[in-house]
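Note sheet for the following structure.
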Amino acid sequence: MTPYNLIQFIRDLPKAELHVHIEGTLEPELLWEMAGRNRLTLRFHTVEELRKAYSFHNLQSFLDIYYDGTRVLLSEQDFFDLTWAYLERAAQQNVRHVEIFFDPQAHTDRGVPFETVIRGIHRALEEAIPRLRISSKLIMCFLRHLTAEAAMQTLEASLRFKNWIVAVGLDSSELNHPPNKFVEVFQRARAEGYLTVAHAGEEGPPDYIRQALDLLNVSRIDHGVRCLEDPSLVQRLARERIPLTVCPLSNVKLRVFKSLEDHNLKKLLDLGLCVTVNSDDPAYFGGYITENLLASQKALGLTRHDLYTLARNAFEASFLRADEKQRLIAELDRFMAAHPG
Ligand code: HPA
Ligand code: ZN
């Protein structure tokens, strides 16, 4: 009989994913299909050619390809299909709860109405509750390379759908677009009842993480891996138990770290920070949450206990109610008891 090994343990582990851009889950096959049905011409002759073009050397070179890919998303059904395809994959990896980012400005700036985007995504999230046993929250990101005024307009457009959105976030090109550019927008978002998160310390300096905490009042930091350059910031993150949504394969593809062996995930865990592992843009970075965990385990020698801590941190760091978190953590604990190391 094959022993129940660490690989199967990682596959079956109950998981929460807190950092995934829905537009970054657009697999080349689906992109191809959508281009066909929407009668758009692509620069590529085959799906394989398209997949080969997914090659980057930093955040910006990735973002250029990522925004180009969003052009095929036009109808509410396109947004539904995109989200459903991700949720089906997540269910196969025993993701029990997911908090999904979407980038409305990547669509409204192309003439696709805000409403079309959010209705398609929301319908898939609702259907996933009974059909896939996945609960979810939606986080609206502002594109930080655009102006604060544009972010404010997007915030206003979202208010009709406030009940479908738990938080606002900040993504896109980090360098030269510090959190302090968006203080007013985030203040208004909080006044409207949204929670806040922000990408910080991916390519940007530790000071951007401090700004996100002090000026934007974020509940979590997305990425945050550059915090290690500032020991007093690390102490604060540990003391205040600020979650970091780390994305290992993304960091290697975008050359934040040279290789997964060089990644600081294990150090962050050993320092007692509330770290989680996530996929970011899985269609572009070579893997979903399970692949991120498998590769990190292998490269960094993560133990069964580390993997448990990562899974538990994600449930704790989620925006679920306390009783909902408790229910999922109890499920995780039952899983651990049923699969002793
Ligand atoms: N960083 C910043 N913005 C993004 C990313 C990312 O990894 N993915 C999609 N938008
Ligand atoms: Zn991201």
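Positions of Cβ are set from backbone N, Cα and C atoms, glycine also.
Here is what TrEMBL records for this protein:
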- 14-333: domain 'Adenosine deaminase' (DOMAIN)
- H19, H21, H199, D280: Zn(2+) binding site (BINDING)
- E202: active site, proton donor (ACT_SITE)
- H223: site 'Important for catalytic activity' (SITE)
- D281: substrate binding site (BINDING)
Have a look at the recorded positions H19, H21, H199, E202, H223 and say which one has the shortest Cα distance to the residue listed as 'substrate binding site'. H21
Cβ neighbour count within 10 Å, max among the binding-site residues H21, H199, goes to H199
Relative to ligand 1, which of the recorded positions H19, H21, H199, H223, D280, D281 have a Cβ found under 6 Å from one of its atoms? H21, H199, D280, D281
Report the residues of the chain - excluding H19, H21, H199, D280 - with C-beta within 8 Å of the mean position of the site's C-beta atoms, for the recorded Zn(2+) site, in sequence order. V20, G24, F101, D171, D222, H223, T245, C247, S250, N278, D281
In sequence order, what residues of the same chain, 6+ apart, have a Cβ less than 8 Å from the Cβ of H19 (Zn(2+) binding site)? E99, F101, D222, H223, T245, V246, C247, T276, N278, S279, D280
Enumerate same-chain residues with a sequence separation of six or more from the residue listed as 'active site, proton donor' and a Cβ-Cβ distance below 8 A; give 'none' if the list is empty. L59, E174, D222, H223, G224, V225, R226, N251, L254, V256
Mind running the recorded positions E202, H223, D281 against ligand 2 and keeping the ones whose CB falls under 6 Å of it? none
Provide the three-state secondary structure of D280 (Zn(2+) binding site) computed with DSSP. strand
Tally every other Cβ atom lying within 10 Å of the Cβ atom of H223 (site 'Important for catalytic activity'). 27
Out of D280, D281, the listed binding-site residues, fewest other Cβ atoms within 10 Å surround the Cβ of D281
